[in-house]
């Protein structure tokens with residue numbers, strides 16, 4: 001393969017970049033899942049009432065409700 | 001549009017323009033007008049230029065900047081007016097298929113998913129990848145932030161949806177069933193974040209209880225793959241688009 005010397009220094013550069021990136025990611029401050037999960041649950045509960053797909057819409061304000069009962073012939 | 005496949009489109013926050021793109025490798029912005037006599041195609045502005053197909057695009061908080069993801073493995077931030085590239089995001093090892101911007105309260109980050117099975121979280125200003133998650137077993141077709149911005153969900157060809165907590169930096173839930181074997185094309189949360197809707201390639205929509213990890217409901221109606229899904233801004237309904245040429249609204 002021509003350029004083999006070039007490609008090995010390229011792969012060193014690539015590997016160095018990967019190591020740098022992993023070090024950045026490793027340095028991140030992480031919180032315990034027990035705490036963050038509780039926050040997710042709390043968010044759901046706090047916003048429960050403002051979620052129409054969860055609480056449903058009253059029949060009087062639902063523009064798509066059936067107007068008549070079904071008649072089976 | 002001068003290309004065979006449009007793969008991405010997005011409304012500008014003001015509602016006055018639409019951005020779209022696809023196999024033409026570009027993202028173009030069209031101003032909208034109710035005037036039937038206006039030749040809107042002539043007013044089209046080519047904003048983004050990638051070296052492969054455009055998979056997704058999204059305006060940032062204003063009409064002035066647009067974020068794109070591409071089959072060329074990169075994401076990029078563009079200035080709409082000048083078409084200038086403001087920031088590029090390198091890190092995916094394969095096509096990037098989807099992206100989602102963090103809800104404005106939580107800051108300048110966005111998440112992207114790709115064919116390398118990874119989901120990356122990026123800092124929009126520095127171009128730096130700040131977090132990366134690789135637990136899916138196949139291409140990631142859709143990513144969506146949880147309404148609070150502290151987590152996000154992803155949908156993949158591995159037939160699972162997963163929830164990742166950003167502050168704990170890990171996957172926290174997998175939404176799957178042995179009976180579900182077809183890929184997820186699109187995911188979105190209900191307003192409170194309690195429900196996760198997934199559009200699947202087996203023509204169904206599965207509704208998941210985010211906190212319990214169980215399926216709440218399965219919805220039938222489409223006659224072909226569900227390719228896209230979005231909950232309405234007021235949260236009263238969601239819409240799905242499908243290969244059966246229909247858009248359906250579910251409420």
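Placed from the backbone N, Cα and C atoms, the Cβ positions cover glycine too.
The model shown is predicted, which means the values in this text are computed figures rather than measured ones.
Sequence-distant contacts of the repeat 'WD' (B:47-88), counting only residues of its own chain at least 6 positions beyond either end whose CB sits under 8 Å from a CB of the stretch, comprise 5, 7-14, 16-17, 19-29, 94-101, 104, 110, 112, 114, 122, 124-127. Per TrEMBL, repeat 'WD' is recorded for B:47-88 (among others).
Sequence-distant neighbours of the repeat 'WD' (B:89-132) (same chain, 6+ residues past either end, Cβ-Cβ under 8 Å): 52-53, 55-56, 58, 60-61, 67-77, 138-145, 147-150, 152, 154, 156, 164, 166, 169. The annotation repeat 'WD' is assigned in TrEMBL to B:89-132 (among others).
The repeat 'WD' annotation in TrEMBL covers B:133-174 (among others). With a cut-off of 8 Å between Cβ atoms, the residues of this chain six or more beyond the repeat 'WD' (B:133-174) that come close are 97-103, 105-107, 111-115, 117-121, 180-189, 191-193, 196, 198-200, 208, 210, 213.
Nonlocal intrachain contacts for the repeat 'WD' (B:184-218), taken as residues 6+ away from its ends with a CB within less than 8 angstroms of a stretch CB, comprise 141-144, 146-148, 153-157, 159-161, 163, 173-175, 177, 224-231, 235, 238, 240, 242, 244, 250. Annotated repeat 'WD' per TrEMBL: B:184-218 (among others), in sequence order.
As annotated by TrEMBL, repeat 'WD' applies to B:219-251 (among others). Each residue of the repeat 'WD' (B:219-251) gets a DSSP state, and the totals for helix, strand and coil are 0 helix, 16 strand, 17 coil.
Sequence-distant contacts of the repeat 'WD' (B:219-251), counting only residues of its own chain at least 6 positions beyond either end whose CB sits under 8 Å from a CB of the stretch, comprise 185-191, 197-207. With DSSP classes pooled into helix, strand and coil, the tally for the repeat 'WD' (B:47-88) is 0 helix, 25 strand, 17 coil.
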